[in-house]
Structure formats: structure tokens, C-alpha cells
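Visitor: Okay, here's the structure, questions in a sec.
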Amino acid sequence: MLKIESIDQNQFSTIIEERTSRDSETYEVIDERVKNIINSIRDRGDAAVFDYIEQLDGAKLDNLFVTEEEINQAFEQVDDELIDILQEARHNIDNYHRNQSEKSWYTNDGPGIWLGQQVTPIERVGVYVPGGKAAYPSTVLMNVVPAKVAGVESITVTTPVQADGKVNPNTLVAASIAGADQILKVGGAHGIATLAYGTESVNKVYKIVGPGNAYVARAKKFVFGDVDIDMIAGPSEVCVIADDQAEPKLIAADLLAQAEHDELASSILVTTSKRIANEVQQEVETQTKNLSRKEILDVSITKQGRIYLVDDLENAFEFVNELAPEHLEVLVEQPFEQLPKIKNAGAIFLGSYSPEPLGDYFAGPNHTLPTNGTAKFSSPLGVYDFQKKSSVIYYDKQSLEQVNQKIQKFAEAEGLDAHAASIRKRFE
Ligand SMILES: NC(=O)c1ccc[n+]([C@@H]2O[C@H](COP(=O)([O-])OP(=O)(O)OC[C@H]3O[C@@H](n4cnc5c(N)ncnc54)[C@H](O)[C@@H]3O)[C@@H](O)[C@H]2O)c1
Ligand SMILES: N[C@H](CO)Cc1c[nH]c[nH+]1
Ligand SMILES: [Zn+2]
């Protein structure tokens, strides 16, 4: 049963603290395991990767890469209508992300001085695609397409292999449509370690992106620094703000859509209406009965699901800004007018006809988003995650001569006379 709680401003921070604090003991066992996996792949390379695949995924492989033939077979297995939909979604994602591309710029700061910033793509990127409990072709598109738009030269997708040695055909078709350069059959922490450190058969990458379970997330945390990562994406979250005009049936459907991801997913309704609260509670009960992932829904709705009743919309937005949800649906009259009130949310869905799954699959914006309150300081995955910048500096002789004494003085103040000499020697 989805619980209803009436809350006031004084309770906001305590409620949110409780919701977002992580139980560090839960990670102790996972962390030890993940560190062992990373260390043995660093020590033993391919041999260790094959061992973990056999032990954890139940497959005996002699090649870590998906072959061209396997990709062709996948295209035969996947129905044509889905292939067309994947292509259209790829197009929408590509179109949206093109607006994010950062460009190099140069300024002529006086005669003989050019300053600028050169933007270059990261050369080699790894994309983790989850594939344990379910396959996520949408996640393939969301992670590979922005990397392509950024101009990344080599994109390696890695995803768990099934016990029969194959990879889910939908994932393979999506990877091919998105333009991945190679696909590895390595899931979990072993997939992350393989990408981060490389082996005899796999080239290491410079950055790893993509969501996954706790083994994947903790492995990303441990390899960060040796490679870059995008973020640690936790369990999915949706928060709906609704006034008295919203439709309880639709609110319930949207809460259940995120709750079905896994037992840890979180679905929250913040409303000003007691009637809406009661009707949504009832609707969630009714609709759950007709859904296939009933067991997951029962756990996530009971444990993390909540309906919070607040006094007015001002309070609703204040609570939501503190919560900083991954997805925020604004189901109130005049949703556009509320937009300036939203400071912290990964993705904002306005009005009754912009449900969250529209963003998961099709509209174009990325579905890899900051979770667990991190939308307070981070952004959706985007083209900018695959680009980096170099400063560019040019002074001619005359321009340097004009500032020569100042730089020498500055360097001497730091006690760095070799720095001062580097400038001085040009004018001796
Ligand atoms: N944020 C997003 O955009 C987004 C998108 C899709 C999926 N997800 C989330 O990603 C997660 C996917 O999880 P999943 O488990 O289905 O797939 P996964 O691919 O993340 O994990 C499966 C891998 O974990 C390994 N593993 C499982 N148990 C292990 C153990 N005890 N020790 C070591 N390794 C182990 C398996 O060998 C397998 O290779 C879900 O929580 C889902 O909600 C998030
Ligand atoms: N809602 C998930 C996290 O944003 C993404 C997803 C993939 N497939 C369906 N949903
Ligand atoms: Zn989803």
C-alpha cells in the first residue's frame, strides 16, 4: 500500500535526509568483492575476465567480443517494426544532443595576442549497458549517440553475456544502429575493470559511462581517477507534483512506471489535494494487479513509495527542490508558469501528455540522469561529457615584451627563478 503522509516545512529536511542517506554497511560485502575483481583483472587480464564470466554469468567463452555474424543474426531476430522505432528514437536523440555540442573559440585580445579554448572529443570511451535482469536497448542509444555527436573515435559497449554465450539481440541491434565500434560480452564489475585497465584483447578506454547495478556502480567509483566516469546512477526515481486538477489514474500509472524498474526504485507524489492523494493510493492498488512485475512493484511501492500532502504549491516546490529528483512530472494547471520555481531536478516533464516514459525512450533528451539528490549539483548525460577542452595561448614578441617585467616579478615572488629566466632570456 502506498502510504500517505501530511507534512509541513519543518519536516522537509529530515524526510529527505532519511530518503537519500545510504547504508554504508550494505556496500561492505559488495566493495570487497568488487576490489578483488578489479585487482585480479589488472593482474591476470583476459584469463581473469573469462573466469569471472564463467563464475558469475555462467558462460564459457573463448572470445570477449561480439562478432559481425552475431550482429547480423540479431537483426534477423528483432522485428522490423522495433528496428524502425529504434532508428527513429536514435534520430530524435541525435537531433536533441546536437544542440549541446560545445565549440572551440578564440579571441584576439589586442594586437599580437590570441587566446582561446580548443574543444576535442575524448578519443576512447566505454559504455556500460545493463543486461542482468533485463536488456535496455534505450540505454544503448542514450549513451552511444551523444558520444557519436561529440566525435568520439572509438566507442566500446560492454554488456553481460547470457549463459548460452549470446547477448540480447535488442541490445546488439541498438548498439549497431547507434554506431558503437565494438561490443564486449562482459557485464558487472568485471566489465568496468576490463574497460578501465584493458587486457591482452581489449584496449583500455579513457572514460566509462552508463548505469548498472551496485557492482557496476561501486566498480565505477573505484576506477574513477584512473579513468573518468560520468556519474554514479542509482535506482530510478520519479516525483510527481499534482494539484486538484490532475488525473489520479495517470499519476498512479506514472508512479508505477518507475517503481517497476527494481525493488529500490522510488516513486513519490507531492500534492496539495487530499482527494487526489486518496484516489491515487486506490489507483496504485488497482493498477498493480494488472502489471507483470507485481512482486517488484509491491516492494518498491511499499518501501520507497510515498504520497506527501502539503499545504500549497509553494511548499510542494520547496520540498521538491530539496529532494532534487531524477525525474519530475509537473501535473498542475499552467505547468510552464511553474518552471522558474524548479531549481533541482534531472529532467522535468510538463503537463499530462509528457509522461516520464516519453523521455525514457523517444523524445530526445537523455535518460541517464543524476539520482539520489545529486541533481543539486549535476546534469543529465550529454555531449559535453564526451568533450574536453584545452586552453590556447599565443603572444607575439612585442606583446610578451610589454608584460616581461611583471611576469618576472610575479615569478620571483613565488621564489621560482627558472620561471623568471624563461621569460627574461627571450629579451637578453
Ligand atoms: N539510470 C538509468 O538510466 C538506468 C537505465 C537502465 C537500467 N538502470 C538500472 O540498472 C540496473 C541494472 O541491473 P542488472 O542487475 O539488471 O544488470 P547489470 O548489467 O547492471 O548487472 C548484471 C551483472 O552484474 C553481475 N553480478 C550480479 N551479481 C553479482 C555478484 N554477486 N558478484 C559480482 N557480480 C555480480 C553479473 O555477473 C552481471 O554481469 C537496475 O538497477 C536498473 O534499474 C538504470
Ligand atoms: N527510467 C530509467 C532511468 O532514467 C531509464 C529507462 C530505460 N528503460 C526504461 N527506462
Ligand atoms: Zn524507466
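Even glycines carry a Cβ here, placed using N, Cα and C.
Grabbed the feature section from TrEMBL, which reads as follows:
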{"type": "ACT_SITE", "residues": "E326", "note": "active site, proton acceptor"}
{"type": "ACT_SITE", "residues": "H327", "note": "active site, proton acceptor"}
{"type": "BINDING", "residues": "S236, Q258, H261, H327, D360, E414, H419", "note": "substrate binding site"}
{"type": "BINDING", "residues": "Q258, H261, D360, H419", "note": "Zn(2+) binding site"}
Visitor: Would you please pick out, from the recorded positions H261, H327, H419, the one with the fewest other Cβ atoms within 10 Å of its Cβ?
Guide: H419
Visitor: Give me the non-local Cβ neighbours of Q258 (substrate binding site): same chain, 6+ apart in sequence, Cβ-Cβ under 8 Å, ordered along the sequence.
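Guide: The answer is S236, E237, V238, A265, S266, S267, H327, E356.
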Visitor: Given the recorded positions E326, E414, which one is most crowded in terms of C-beta atoms within 10 angstroms?
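Guide: That would be E326, with the highest Cβ count within 10 Å.
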Visitor: In sequence order, what residues of the same chain, 6+ apart, have a Cβ less than 8 Å from the Cβ of D360 (substrate binding site)?
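Guide: Listed in sequence order: S138, H367.
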Visitor: Kindly point out which of the recorded positions S236, H327, D360, E414, H419 have a C-beta less than 6 Å from some atom of ligand 2.
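Guide: Near ligand 2, sequence order: S236, D360.
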Visitor: What does the structure give for the C-alpha distance between E414 (substrate binding site) and E326 (active site, proton acceptor)? Integer Å is fine.
Guide: 46
Visitor: Including all protein chains shown, what's the count of other C-beta atoms within 10 A of the C-beta of S236 (substrate binding site)?
Guide: 24
Visitor: Taking the Cα atoms as reference points, how far is H261 (substrate binding site) from E326 (active site, proton acceptor) in Å?
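Guide: With the alpha carbons as reference points, the distance is 14 Å.
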Visitor: Measuring Cα to Cα across S236, Q258, H261, H327, D360, E414, H419, which the record gives as the substrate binders, how far apart are the two most distant ones in Å?
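Guide: Site span for substrate, by Cα atoms: 58 Å.
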Visitor: Given H419 (substrate binding site) and E326 (active site, proton acceptor), what distance in Å do their CA atoms have, once rounded to a whole number?
Guide: 48
Visitor: Using DSSP and collapsing to three states, where does H419 (substrate binding site) fall: helix, strand or coil?
Guide: helix
